[in-house]
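Engineer: My questions will all concern the structure given below.
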Amino acid sequence: MTQLAIGKPTPLGAHYDGQGVNFTLFSAHAERVELCVFDANGQEHRYDLPGHSGDIWHGYLPDARPGLRYGYRVHGPWQPAEGHRFNPAKLLIDPCARQIDGEFKDNPLLHAGHNEPDYRDNASIAPKCVVVVDHYDWEDDAPPRTPWGSTIIYEAHVKGLTYLHPEIPVEIRGTYKALGHPVMINYLKQLGITALELLPVAQFASEPRLQRMGLSNYWGYNPVAMFALHPAYACSPETALDEFRDAIKALHKAGIEVILDIVLNHSAELDLDGPLFSLRGIDNRSYYWIREDGDYHNWTGCGNTLNLSHPAVVDYASACLRYWVETCHVDGFRFDLAAVMGRTPEFRQDAPLFTAIQNCPVLSQVKLIAEPWDIAPGGYQVGNFPPLFAEWNDHFRDAARRFWLHYDLPLGVFAGRFAASSDVFKRNDRLPSAAINLVTAHDGFTLRDCVCFNHKHNEANGEENRDGTNNNYSNNHGKEGLGGTLDLVERRRDSIHALLTTLLLSQGTPMLLAGDEHGHSQHGNNNAYCQDNQLTWLDWSQASSGLTAFTAALIHLRKRIPALMENRWWEEGDGNVRWLNRYAQPLSTDEWQNGPKQLQILLSDRFLIAINATLEVTEIVLPAGEWHAIPPFAGEDNPVITAVWQGPAHGLCVFQR
């Protein structure tokens with residue numbers, strides 16, 4: 001039997017050098033680590049890792065080749081009260097594995113035990129890691145490096161974006177390959193998108209609870225192997241990495257960046273009753289935030305929380321991020337529940353992971369976007385992230401919906417959100433682009449559902465409609481559900497136009513949810529994380545070409561307005577913005593606080609957004625000059641106007657002089 005050489009303690013993971021494979025694994029509390037390799041017949045061969053440098057266990061297997069399947073058995077104490085849950089009867093995934101063979105099914109053998117260890121061996125059914133070798137021709141690929149001030153983000157799901165697209169070949173729909181297909185790239189270019197933000201593509205598992213209900217985790221926020229691509233999105237699991245990189249290369253050639261939604265806050269091992277896949281059995285005490293009683297701090301709502309203040313976990317997370325940038329050429333990250341990244345356990349801007357990213361010559365150069373909260377006390381941290389980060393701006397989302405759909409927002413608050421929420425983000429030398437403005441996202445109602453439903457309808461999720469937020473700030477315009485009279489359809493259309501205009505012509509970085517530009521509906525489900533079906537797949541055959549054209553025209557218009565593209569904070573008297581009332585006069589203090597919902601926003605001294613968010617048709621006196629409506633508002637109903645615009649109820653128009 002081949003003997004393991006001591007090998008090297010770096011880098012983490014399994015790495016082929018042309019002669020064999022070096023294996024390394026971190027565990028500060030293990031007493032012994034076995035490397036388990038499996039031959040073509042599934043026969044297991046075990047080797048003790050002979051090297052032990054600090055907290056890194058390592059060994060070198062001569063003559064091992066790419067394609068080798070492996071896992072680990074980690075020996076140590078079973079002391080739940082102290083946070084130790086070692087169980088060598090369970091085969092464990094390498095946290096740095098780049099490919100996984102097998103499925104993460106709901107099976108009792110994939111659990112370690114709660115109070116007492118489960119000593120039944122699970123190697124026969126446990127997923128295995130696969131050694132891979134990386135050879136890829138990037139040709140002349142270069143990151144677009146779109147300036148933040150010019151960035152337009154499009155949030156999409158790999159499968160849902162193309163699975164029903166009639167112009168994409170059937171055999172690649174819903175895959176990484178489809179992202180790089182000319183039809184999809186041309187669509188994104190014509191729409192005006194500069195960055196495609198993908199929901200998680202790192203390998204994830206469906207929660208046992210969902211599997212028992214016949215559902216699956218669709219969004220992917222349940223990671224199990226952070227260095228491995230989710231194989232279900234590949235035409236062939238063996239070529240997933242190349243398929244993904246082919247798509248990125250094609251998108252880059254078109255000038256479109258790729259941003260990955262990444263989950264560094266928890267793992268698919270869930271709570272103490274959850275499955276044992278990897279980290280819990282390798283070094284539970286180090287990888288997770290552990291309470292005094294040995295249970296997990298559940299600051300994520302998912303059962304566990306990664307301890308990103310531990311030096312080894314910081315190294316792991318940093319290596320993961322560098323891998324996606326260096327190996328896959330991604331252009332940035334959106335961090336799910338990103339407040340966890342700054343926990344020490346209190347949130348700090350100089351937390352270890354933030355510092356590591358700041359000091360990294362690779363990671364400090366890519367786009368970084370935070371979902372700036374978690375569910376722990378002090379978890380709402382909007383505006384408090386380090387300067388390198390942009391942040392999801394939920395202030396903008398709620399203000400836009402309240403202004404146009406609930407009619408209960410003062411003009412002053414609306415204007416503040418329109419101006420990149422400077423009260424929140426204008427600090428620590430940050431720019432307006434730090435505010436990622438959104439009206440909708442994957443989590444919540446789609447834009448169409450915002451104007452068709454007053455209440456969530458999540459019954460299909462199997463939780464008796466208890467899941468999902470009740471704070472939607474939506475308005476069904478008098479009838480719950482899709483369809484209705486022509487008048488109802490038109491009023492809903494006008495509200496959609498108003499919300500899109502507010503999003504795409506405001507200061508900050510706009511993020512558009514895929515499908516909103518052609519009227520996609522989830523039939524009132526505002527938490528469709530477990531709906532891998534026609535509820536979430538974009539139906540291109542039913543897309544509204546008129547709404548798509550309207551959205552594209554708005555994005556094109558945005559790119560013509562210097563005040564929105566220069567990424568500088570607006571200052572009084574700088575010519576970037578003037579706020580006027582219906583008579584083209586500066587608003588008084590009382591009008592800002594209590595005035596009617598009528599407003600004129602003059603941008604760069606020649607683009608005018610006239611707003612009438614009241615229930616009545618209202619005359620709006622335009623500033624001096626000859627004004628004409630511009631696309632997407634130009635038409636027979638909007639000729640050249642020199643003095644007054646008849647503003648329809650809940651309407652707006654954009655003019656140029």
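Glycine is no exception: its Cβ is also placed from the backbone N, Cα and C atoms.
Pasting the relevant annotations from Swiss-Prot:
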ACT_SITE  Asp336  active site, nucleophile
ACT_SITE  Glu371  active site, proton donor
REGION    460-479  region 'Disordered'
SITE      Asp443  site 'Transition state stabilizer'
Engineer: Test of understanding: give the count of other CB atoms lying within 10 angstroms of the CB of Asp336 (active site, nucleophile).
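Structural biologist: Its Cβ has 24 other Cβ atoms within 10 Å.
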Engineer: Among the recorded positions listed here (Glu371, Asp443), identify the one with the smallest other-Cβ count within 10 Å.
Structural biologist: Asp443
Engineer: List the Cα distance (Å, whole number) between the residue listed as 'active site, proton donor' and Asp336 (active site, nucleophile).
Structural biologist: 5
Engineer: Whole-number Å distance between the CA of Asp443 (site 'Transition state stabilizer') and the CA of Asp336 (active site, nucleophile)?
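Structural biologist: So the Cα of Asp336 (active site, nucleophile) lies 11 Å away from that of Asp443 (site 'Transition state stabilizer').
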Engineer: Mind checking how the region 'Disordered' (460-479) divides into helix, strand and coil residues in DSSP?
Structural biologist: 2 helix, 0 strand, 18 coil
